[in-house]
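Enquirer: My questions will all concern the structure given below.
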Amino acid sequence: MTGSTSSDLEKDSIRVNENVNVTTTPLYNEHIDVSGVDERKLLRKIDIALIPWLSLLYLLSFLDRTSIGKCAITDLTTLDTQYLLALTIFFFRHELLYCLTPFTQVPSNVFLKRLRPSLWLSGLMFCWGIMMTVQGLVHNFGGLMGMRWMLGMFEAGLFPGVNYYLSCWYKRSEFGIRAAIFFSAATVSGAFGGLLAAAISNMDGIGGKPAWAWIFILEGLATVIAGALSFFIIQDFPDTAKFLTEAERTVVVRRLQGDNQFSAAGEKLRMKYIIKSMLDWKTWIGMMVYVGADMPLYAFSLFLPSIINQVLPSSSPCNPKGFKATPANLLTVPVYAFACLITCIVGFLADRWGRRGYFNLCEVAPFLPRAAGYIILIASRNPALSYFAVYLATCGIYPVIPNSIAWVSNNVEGSYKRSVTLAMVISFGNINGAVSSNVYRAKDQPWYPLGLVLMYIGLGLIASTTFLVLLKRENAKRDRGERNEIIGDEKSSGHEVNGRYDTVADAKREKGDEWSGYRYTI
């Protein structure tokens with residue numbers, strides 16, 4: 001539920017003396033004539049300008065970070081412990097900028113807002129592409145660890161940055177499917193990565209380099225090129241976007257403000273917005289929701305080829321000659337293609353029905369089929385059944401990621417506050433990749449213990465239920481008028497404890513999603 005219209009909520013949330021001069025949020029660019037703008041065509045124009053290229057960037061990002069999983073079965077490292085350390089250091093460095101202090105927790109999204117998306121995102125991508133390329137030139141384990149450290153540092157800002165960036169362009173009821181399509185690049189990268197790794201493995205020995213080195217080098221060079229092009233392709237925020245006319249920019253901002261995104265016309269950076277995000281209960285519960293989704297995702301993505309390689313014994317009819325790296329990578333392709341389809345369907349339905357929390361709980365999307373898939377993987381010793389369980393787990397793993405991000409984003413207003421909240425939620429989930437990277441160990445082959453992943457799934461289920469209940473309870477309090485502010489000089493139905501403001505516009509600007517007329521998406 002996204003709530004009533006802004007005007008209806010204003011009437012319900014305040015009662016003032018008729019003599020008090022109360023104004024609503026001023027109309028953005030009031031002097032601009034927007035009668036000639038077709039909103040549906042404008043939305044398609046924005047989609048074409050933003051979604052394809054950003055999805056490509058995330059495809060390259062996920063390809064770069066999980067390519068080591070493809071290399072794991074082509075003898076990148078000689079020791080299981082070294083392989084796990086190479087995975088772990090990436091995730092700790094990946095989130096270092098977010099997790100040390102209040103001043104480094106969310107720098108990337110703040111810089112994104114201050115420096116322009118076209119500059120910040122393209123710079124990050126160019127740098128991590130260089131690190132990815134150099135990763136293929138290392139000659140020892142120490143060099144690999146150093147490059148994984150640097151790769152994680154530069155890559156950290158892309159996913160939270162793009163999700164925040166998209167939330168600044170679309171209404172709350174439109175964001176879910178866009179987040180799903182963008183995130184589906186991860187599933188495409190899984191399928192494409194398997195095919196690419198299979199093809200590059202044929203380059204083994206060329207130039208005196210092994211196949212795994214060529215995987216890093218070629219994928220890294222592609223990322224460097226994409227980063228350079230991104231400076232010219234990535235658009236900035238709606239109020240300054242050069243690919244739109246003045247009237248079109250005005251329509252974009254007005255429709256966002258009509259969706260209770262009061263800060264759409266611009267907002268100055270103030271420390272109180274960052275502090276508000278850190279103290280908001282929604283941020284912390286959102287972190288628990290996301291960690292319950294993200295840890296199983298990384299565990300799955302990093303080790304799927306190894307899982308397939310091990311659950312099909314060499315003596316089985318399905319694998320008469322014994323699986324090597326290339327066939328195992330190829331068998332991941334249909335799994336990821338299926339995940340892509342399910343993710344987009346769930347994103348569309350969640351936007352259409354507006355009940356994102358229920359999608360995090362119901363069987364259609366995420367936790368129950370995922371749990372069932374992992375239970376089968378734990379209990380089954382039958383290769384065919386285990387491969388089926390991989391599909392079942394996939395359809396529950398991937399849709400919940402963009403749905404959870406859209407759910408948290410829908411319930412935070414204030415552009416800087418939302419940027420901080422999304423960065424905290426996503427970074428806390430991602431740092432648990434360090435846990436996921438140590439779930440599958442060579443000594444546990446061929447049947448990996450997956451109970452830890454199941455525990456994370458349970459955590460996500462509990463957190464989603466808690467988030468849903470508390471949001472519904474807060475909406476009910478606002479419906480009863482318990483959160484009403486005092487507008488003007490008259491108390492009327494407002495309460496002093498909720499604040500006193502000269503106008504409704506002041507209350508919206510100062511309180512954001514805490515304004516009594518704001519209704520949370522459940």
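Even glycines carry a Cβ here, placed using N, Cα and C.
According to TrEMBL, the feature transmembrane segment maps to 46-63, 118-137, 149-167, 179-200, 212-234, 284-308, 328-350, 357-379, 385-408, 420-440, 446-471.
Could you place the listed features in the three-dimensional structure?
Expert: When Cβ-Cβ distances below 8 Å are used as the criterion, the transmembrane segment (46-63) is approached by residues 121, 125, 128-129, 155, 158-159, 162, 165-166, 169-170, 178, 181-186, 188-190, 192-193, 196, 219, 222-223, 226, 230, 233-235, 243-244, 252, 301 of the same chain, each at least six residues removed from its ends.
Tertiary neighbourhood of the transmembrane segment (118-137): same-chain residues 57, 60-61, 64, 108, 111-112, 144, 147-148, 150-151, 154-155, 157-158, 161-162, 165, 209, 212-217, 219-236, selected by CB-CB distance under 8 Å and a gap of 6+ residues from either end.
If one looks beyond the transmembrane segment (179-200) by at least 6 residues along the same chain, the residues whose Cβ comes under 8 Å of a Cβ in the stretch are 51, 54-60, 62-63, 66-67, 70-71, 74, 162-163, 166, 211, 214-215, 218-219, 297, 301, 304-305, 325-326, 329-337, 339-340, 343-344, 346-348, 398-399, 401-403, 405-406, 409.
Under 8 Å from some Cβ of the transmembrane segment (385-408) lie the Cβ atoms of residues 163, 175-176, 179-180, 182-184, 186-187, 282-283, 286, 289-290, 293-294, 296-297, 300, 304, 307-308, 311-312, 331, 335-336, 338-340, 342-343, 345-347, 350, 356-357, 359-360, 365-374, 376-377, 421-422, 425-426, 460, 464, 467, 521, all in the same chain and six or more residues away from its ends.
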